[in-house]
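Q: Please find one structure pasted underneath; my questions will follow.
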Amino acid sequence: MKQKYVIIVAGGNGLRMKATIPKQFLLLKGKPILMHTIEAFYRYDTDIHIILVLSEKQKTYWTSLCQQYNFKIDHHTIEGGITRFYSVKNGLFSVKKNCLVAVHDGVRPLVREKLIDNAFKMAQKALAVYPAIPITDSLREITNRNNRTVNRSEFYLVQTPQVFLSDILINAYEATSSDNFTDDISVVESGKICTPTMIKGSKSNIKITTPIDLSIAEALID
């Protein structure tokens, strides 16, 4: 398999969590969420290149946390941008061509090795891969014009890690000047470089953005 990288995006402020510190630094089973996330990729492959994207003001705090919790997993910390788009773009400057690169949310600490492995293996052939899960709740479209039920079988919840041949993702980010993207598959699709492939995600691969999410993660974590 090609050389592997993961860009872990963790520069958010976590306003929905209503906590005094950003959500990626909140404790989960006695240590910061972000450490669990990094450990998940290190367990998958101890040789993976881990690139951590933080805001400038968070880098010093992260360094102090690593010292406090004796966190020794090797990773490269870089400064994020004003939006997620520019944070990932900054991370890509540290990624070589002709490699495989994953982009993962820093607050998805419960990602399993099986999902990571499946995404990387599929990306070798499909070039751009994303995990997703079907919607099980009823779904409605509510706008100024419509208030109607829609067919939930046509919609999926998209997760990370999203994995790419590095050339594909680098070229997609270089080809667009818009930063109105919520994930990296959307950036690749906008450039019409390739057609992304969906793989089966996991319900336990939750994104921790609210206090309820944190409680669920506490119950699910090994």
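Cβ coordinates come from backbone N, Cα and C, glycine included.
Residues or ranges marked as site 'Transition state stabilizer' in Swiss-Prot: Arg16, Lys23. The site 'Positions MEP for the nucleophilic attack' annotation in Swiss-Prot covers Arg152, Lys207.
Please situate the listed features within the shown structure.
A: Secondary structure from DSSP puts Lys23 (site 'Transition state stabilizer') in a helix.
In sequence order, Pro134, Ile135, Thr136, Asp137, Ser138, Leu139 constitute the residues six or more apart from Arg152 (site 'Positions MEP for the nucleophilic attack') in its chain with CB-CB distances below 8 Å.
The Cβ of Lys207 (site 'Positions MEP for the nucleophilic attack') has Asp105, Val107, Arg108, Gln159, Asp213 as same-chain neighbours under 8 Å, each 6 or more residues away in sequence.
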Q: Quick check: in three-state DSSP terms, what is Arg152 (site 'Positions MEP for the nucleophilic attack')?
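A: DSSP call for Arg152 (site 'Positions MEP for the nucleophilic attack'): helix.
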